[in-house]
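Okay, so here's the structure we're looking at.
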Amino acid sequence: MATAPSYPAGLPGSPGPGSPPPPGGLELQSPPPLLPQIPAPGSGVSFHIQIGLTREFVLLPAASELAHVKQLACSIVDQKFPECGFYGLYDKILLFKHDPTSANLLQLVRSSGDIQEGDLVEVVLSASATFEDFQIRPHALTVHSYRAPAFCDHCGEMLFGLVRQGLKCDGCGLNYHKRCAFSIPNNCSGARKRRLSSTSLASGHSVRLGTSESLPCTAEELSRSTTELLPRRPPSSSSSSSASSYTGRPIELDKMLLSKVKVPHTFLIHSYTRPTVCQACKKLLKGLFRQGLQCKDCKFNCHKRCATRVPNDCLGEALINGDVPMEEATDFSEADKSALMDESEDSGVIPGSHSENALHASEEEEGEGGKAQSSLGYIPLMRVVQSVRHTTRKSSTTLREGWVVHYSNKDTLRKRHYWRLDCKCITLFQNNTTNRYYKEIPLSEILTVESAQNFSLVPPGTNPHCFEIVTANATYFVGEMPGGTPGGPSGQGAEAARGWETAIRQALMPVILQDAPSAPGHAPHRQASLSISVSNSQIQENVDIATVYQIFPDEVLGSGQFGVVYGGKHRKTGRDVAVKVIDKLRFPTKQESQLRNEVAILQSLRHPGIVNLECMFETPEKVFVVMEKLHGDMLEMILSSEKGRLPERLTKFLITQILVALRHLHFKNIVHCDLKPENVLLASADPFPQVKLCDFGFARIIGEKSFRRSVVGTPAYLAPEVLLNQGYNRSLDMWSVGVIMYVSLSGTFPFNEDEDINDQIQNAAFMYPASPWSHISAGAIDLINNLLQVKMRKRYSVDKSLSHPWLQEYQTWLDLRELEGKMGERYITHESDDARWEQFAAEHPLPGSGLPTDRDLGGACPPQDHDMQGLAERISVL
């Protein structure tokens, strides 16, 4: 009896030990001879591909290479055995030709020329395929609209929305949030495709021949029939999907994670604010609060009863970072992009949480040990809850559009254009379908909108206009009163003109005033009639804020509990401003006193290092505080830096400016009381910018030897005496400077809130771990130690800090002198230091000796050129 052939391992249909005999009692023997089919001349070679117990008849085009045969084999695996496919299958298979005349039944196919007409080619899995290869199977994700409630199979939360709520895998049928696609492991089971695929053959005798219902196909036809091949094909594959398709995290990341040690989950009782299912049993977590358990590291959710059945496969917090870009298999529409971004932004992550703001500040060269050590007891630098994140909406909303006739005092020819009014300007288009426009009238340049008054420029033989738009450079006469005949062309008529006049007036008003309700039983008063209670500018009393400033409601610079900060413009000068709009109806008396305290303090201050207050407007419902608009804050600079921390040179530059501004405040007996990186604003996008202090809501008037006891400020930056409700003085600000300096150089907060601050300060190993403090100078650590003194009498003052050797450096002096040259004012350095630094430059061969002018900052930075270059690019993006 003939010897049974050895079946390839790892593919379906291969008989194993104890397998039942084939039906009918037939023994497995060598495949019987196949009846060759005669192809058309020049059409190619027809042969059979066998995978396990399945055979498919294929036609290989003439002059094809071995790569085509491998593609055909991969296509059959994807069609018949989707659960057995994996990433890189193309490179992990071998082709053997059955040769009954040879002692070795299977002959390795080395080229397409080895395959002859009617041959049987066996597909065998190579020994180079590892266990990890079988575990990595990318998902084929497409945007899907669900008709019934569905839950994400990654995070367990419900997929919200009416349409296009999430992503569905075409292979396994699992559902995911769009935001979760960044973290989905490549573990597609292919169960959905397996249900749709054909069954394998029962024995080797039932061979699919070239019938109409079978698969006699060419390489092109077989490739077209498989739509899921894209993530598994070599670069030569041309198959694509018509639908938007996405994949999860990169394959290389999965390979790295498979080699990591998996640890048990750390479950904590959690209260869920949205419907969530248990990721172990796939059942809903029921209840109003404390519904289940959540792993504090990987955010795995489960029932309390299911926690014991959850495997020890926690991969830690590093996976939930959202830093892996989602690859796109095909192009997708702008609507899909916006929907994806909206879903990502509305991810339910609490602002300031570790999952959103965790910084990876450790250098790669310090190794895994340094990273683990630096992350044990430290809180990463983050934006605290009281802070405001600067954001700008993508586009303005169209308030009104339509055809309008108009002329001006500079051109009396009456024209007709398609006007479009948004929150920032009036655009005059040639027609309603083109993007080409005739003119733009920014709302910030409109001084007044008046009823028709000047009829001296009305073109002869035409009707008078309806209203006038007055700017500093021109006056526009808009609309046309109807003549003797009713109706008329579009853009004419008193009714249309009144609609445009009302819309423009409303656009010129602050957005908050347009919907302010009037008190019951009272006639609605004119909300635009405002009075200025405090002013530092040449503006008369009892004027309308809309006549002085244009507030852009779509440019939100920040928001808080009681109001919103909008961008704006001064109408006459075009100067950018920031307008803090506060709702007095939601404003407690205590916070209102803080606001008035801030305004009163800022009114008395005039210093280049302190934000400038222009004026304050007030109505019965609202308060408008107008200040100069700056570029960003110091926290954004730290978070956007390459290593999550600032170089020493830049930190010296910024800390010196902060100390100079504090010296001016303390000279006037003003203590800021809420100093933190969020309240240190950048005046420009320069790599070495001017900084200004802002947010004086907690500021206090404290004499040189006076003390206060009221609770103020942000706890993360507050001195111990405030947290312990003890008396404090102006040295409170110096503690905050020490914390700012610490977080700037390290990217982490110096203290753990669960332990005593005094004990932490005395533990040098805890305060200054090797990563990253081994790369920071001893002078910086010494200054921080003198600022973070629990005893107030030992804490450095402003003048003592400015005289510290770490800040008294020639390079820092050069940087500050260049800034003063740009500002045209000397307020940081002093003339008495010039001779000392000139002598120092003569004795030490340092670049840039003498008074600096315009020079390249990067060229004068010996140790940290690469840091400053990367930081300059990020600051320009802010």
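Even glycines carry a Cβ here, placed using N, Cα and C.
Here is what Swiss-Prot records for this protein:
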ACT_SITE  Asp674  active site, proton acceptor
BINDING   Leu557, Gly558, Ser559, Gly560, Gln561, Phe562, Gly563, Val564, Val565, Lys580  ATP binding site
COMPBIAS  1-12  compositional bias 'Low complexity'
COMPBIAS  236-245  compositional bias 'Low complexity'
MOD_RES   Ser30  phosphoserine
MOD_RES   Tyr87  phosphotyrosine
MOD_RES   Ser197  phosphoserine
MOD_RES   Ser200  phosphoserine
MOD_RES   Ser206  phosphoserine
MOD_RES   Ser212  phosphoserine
MOD_RES   Ser214  phosphoserine
MOD_RES   Tyr407  phosphotyrosine
MOD_RES   Tyr438  phosphotyrosine
MOD_RES   Ser706  phosphoserine
MOD_RES   Ser710  phosphoserine
MOD_RES   Ser876  phosphoserine
REGION    1-35  region 'Disordered'
REGION    224-247  region 'Disordered'
REGION    343-373  region 'Disordered'
REGION    844-869  region 'Disordered'
Exercise for the section: For the residue listed as 'active site, proton acceptor', name the DSSP secondary structure in the helix/strand/coil scheme. Expected result: coil
Practice task
Calculate the distance in Å between the alpha carbons (Cα) of Val565 (ATP binding site) and Asp674 (active site, proton acceptor), and round it to a whole number.
Solution key: 19
Problem - Length of the line joining the Cα atoms of Gly563 (ATP binding site) and the residue listed as 'active site, proton acceptor', in Å - result: 19
Exercise for the section: Whole-number Å only: compute the distance from the Cα of Asp674 (active site, proton acceptor) to the Cα of Leu557 (ATP binding site). Expected result: 20
Exercise for the section: For Tyr438 (phosphotyrosine), name the DSSP secondary structure in the helix/strand/coil scheme. Expected result: strand
